[in-house]
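Here the structure is laid out as structure tokens; the discussion comes afterwards.
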Amino acid sequence: MVDTMTGDDDDVRDADRDLMKDVMKPTGKPEDEEKGPSQTPATEPPTWGWSVIFLCFYGFMFQQKPGEPFITPYLLSSTKNFTRDQITNEVTPVLAYSNMAVLVPVFLLTDLLRYKPVLILQSLSNVAIWLLLLLGSSLLEMQFMEFFYGISMAARVAYSSYIFSLVRPELYQRVASLSRASVLMGVFTSSVLGQLLLSAAGVSYITLGWASLGLVSFSLLLSLCLPWPKRSLFFNRHRQAKGPGTKPCSSWAESTFVLMLKELRSVVRVPSLRLWSLWWVFNSTGYYLVLFYVHVLWDKVFPASENQRAYNGGVEAASTLLGAMTSFAAGFVKIRWNLWSELMIGLITALQAGLLLLMGTTSNIWVCYVAYSFFRGFYQFLVPIATFQIASNLSKEMCALVFGVNTLLGTILKTFITLIVSDKKGLGLAVHPQFLVYFFYFALLTVVYLGAAAYVITRHYRSQRGGGATPEATPTELSPMEMDPGETDCLANGVEAKA
């Protein structure tokens, strides 16, 4: 159900893109060199620190929706009186469809309009979501609510990109850490607050909804007060460099964005980039499908129509904390990534498949809660590894484009599976059969990954016995990938197409 889409998954989609920036080391010329001697670090506006702090505060407040973990039990309660089949097969599928419909326009407009208008649109969508939840009563109104969730979900790219337009490249890693921490703290605080209000104070679902509406309205006011960046990654940066006299058609044809689209073919030729991009597309698809429907599953296993019987907020808080810890631990893993990546992905995907089978067959809600928390934790463990392996040899512009393409492909696949499995126009499966489908999906991915691992490891040791050298020789801690010089030159410069 939509209420599982908290900021860390986001990113948590939010978190995922922020994680990318945490580990990203921009290559190419620093921005100060591109601007020339007239602008040096000494001339950096002294207010950038306050701008970053304000944006992080906005990111924290944006996640303050204490009623979000309880949307599903609220819709199934006597207050709204929707059926579980309606939520599963008619309401929730709209989220996947709307997200796919708006993803590309939002991605392009985010850079073209320099972030702030898209953040305002995201905040307006959040206000619309809670107004529809509180005041709406028809199935169509709940479907519109999911439509606005799709817009809000697609617009998360604006927050994760905005902060890098405020500072110099050498400060990217520091501000990315602040940005990610603010989102995770916001999700954790909101989930804990919602659970405490529900279980300890005995407030109703509708009261949590009004509190959420007030908080998202405050975040809308904050978005209106955000500073307006003077540059962005693709369009505005190139336009400023060319000057106001440049013809629009020429600017578009020679833009950073178009040139990098031509360079994408070099990305798929690099084995490590190809592997981790495929993981991003296929595993993220399964991960978000589980998040969309897990609250419906919980209500099926342990009906929570009344206030004190739902523990969704506590579980979301615990899984967020576990995901943050596993993401942090991933930075200290030291293995030969070029040799063992497929095996590690395969083993973790197998564990996730087992957890999905457990969730889909158990009648114990606490087992379901624990399995869900570990499922999220395993995914969050691989996210920083994937983001670093993809981003370590790419410019920040090319990195953003690769992740954008991966997200688009994952969204298309997610929509296709939703249409077949969940939508009433397709199979219209109930929630338990859906989780069995997701189990088989992850089991199939496990077979593919382990098969690839067997091939890579066998080739490596055969080469060793034959006295040949392999690129998998050195254990590393999330180190940059081995690539041919020609590929590295191409991928490191996001504004020059390889001849």
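Using N, Cα and C of the backbone, Cβ positions are placed for all residues, glycine too.
Here is what TrEMBL records for this protein:
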COMPBIAS  1-13  compositional bias 'Acidic residues'
COMPBIAS  14-36  compositional bias 'Basic and acidic residues'
REGION    1-44  region 'Disordered'
REGION    464-487  region 'Disordered'
TRANSMEM  94-113  transmembrane segment
TRANSMEM  118-135  transmembrane segment
TRANSMEM  147-166  transmembrane segment
TRANSMEM  178-198  transmembrane segment
TRANSMEM  210-229  transmembrane segment
TRANSMEM  275-298  transmembrane segment
TRANSMEM  310-332  transmembrane segment
TRANSMEM  398-420  transmembrane segment
TRANSMEM  435-457  transmembrane segment
- Can you name the far-off residues of the same chain, 6+ from the ends of the transmembrane segment (275-298), with a Cβ under 8 Å from a Cβ of it? 1-5, 9, 16, 69, 71-73, 84, 87-88, 92, 95-96, 267-268, 304, 312, 341-342, 345, 349, 352, 356, 359-360, 365, 368-369, 372, 375-376, 379, 382, 385-386, 389-390, 402-403, 406-407, 409-410, 413-414, 417-418, 422, 431-432, 434-435, 438, 441-442, 445, 452
- Item | Contact ranking winner - 94-113, 178-198, 210-229, 398-420, 435-457 against the transmembrane segment (147-166), Cβ under 8 Å | 94-113
- Top stretch among 94-113, 118-135, 210-229, 435-457 for CB pairs under 8 A with the transmembrane segment (398-420)? 94-113
- Sequence-distant residues near the transmembrane segment (210-229) by C-beta distance (under 8 Å, 6 or more away from its ends) are 51, 54-55, 57-58, 61-62, 64-68, 114-116, 119-120, 122-124, 126-127, 129-131, 134, 162, 165-166, 197
- Task: Please indicate, using numbers and ranges, the residues of the same chain that are 6 or more beyond the transmembrane segment (435-457) and have a C-beta under 8 Å from a C-beta there.
- Result: 275, 282-283, 286, 289-290, 293, 297, 339-340, 342-343, 345-347, 349-350, 352-353, 356-357, 359-360, 417, 421, 429, 472
